[in-house]
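Report on one structure; see the data block that follows.
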Amino acid sequence: MSAPHSPAPGRQAGEDRRSGRLIVIVGPSGAGKDTLIDHVRALKSQQTDVDFDVVRRVITRPVEAGGEAHQAADPLDFRRMKDEGHFCVSWEAHGLAYGIPVETCAAVAAGGICLVNGSRRALPHFRAVFPQVETVLVTARPAILAERLAARGRETVEDIRARLERRVEDRPEDYDLVIANEGPIEEGAARLLAFLRQPATVVSA
């Protein structure tokens, strides 16, 4: 797995992004991050006490491949967008490149709450650009992860086994919220919505 890229050109580490909240959802493949985010987004219209936006990522993966509703880009276009400063954070994982649109910076600076499906390896770069970043770990038991990855149909049994063997155990105390996404999706969504209603857990000086 490749290391995260540096913040976009022209963006200084620690630049003021204190007005709103950036909440980065991380966790192993198969934990159900996309499903959880989609469910919370679907509930948004029913909530009168919290407003938020889900960041649409740019990924070097065809839209037809399934998963989240992302903006697809081929590797050359992704590199051009990165070089031109279209991303505030970007990283690579499992042969794909991911970019967070630079407009996210303005949304957070204007006081908005933004949810983004991120990466644990990219968290240092998120924190360099957004000092007030909050983190949510979505996880599940290995057997459940394997079952979900198999159902996704993107990897062979051998690939799934190798992925789970590479899995790093997370320390719950390193995150602002931990969701064991093993039961009904409504349970995890309720916990995430409750977290969104709370004041920010990280306050920049």
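Positions of Cβ are set from backbone N, Cα and C atoms, glycine also.
The ATP binding site annotation in TrEMBL covers GLY27, PRO28, SER29, GLY30, ALA31, GLY32, LYS33, ASP34. The feature domain 'Guanylate kinase-like' is assigned by TrEMBL to 20-197.
Recorded features from TrEMBL, shown on the structure.
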| residue | record | Cβ within 10 Å |
| --- | --- | --- |
| GLY27 | ATP binding site | 24 |
| PRO28 | ATP binding site | 22 |
| SER29 | ATP binding site | 18 |
| GLY30 | ATP binding site | 24 |
| ALA31 | ATP binding site | 23 |
| GLY32 | ATP binding site | 23 |
| LYS33 | ATP binding site | 24 |
| ASP34 | ATP binding site | 16 |
Can you work out the mean pLDDT of the predicted model over the domain 'Guanylate kinase-like' (20-197)?
89
Around the ATP site recorded as GLY27, PRO28, SER29, GLY30, ALA31, GLY32, LYS33, ASP34, what other same-chain residues have a C-beta within 8 angstroms of the site's C-beta center?
VAL138, THR139, ALA140, LEU145, ARG148, ASN181
Quick check: in three-state DSSP terms, what is ASP34 (ATP binding site)?
helix
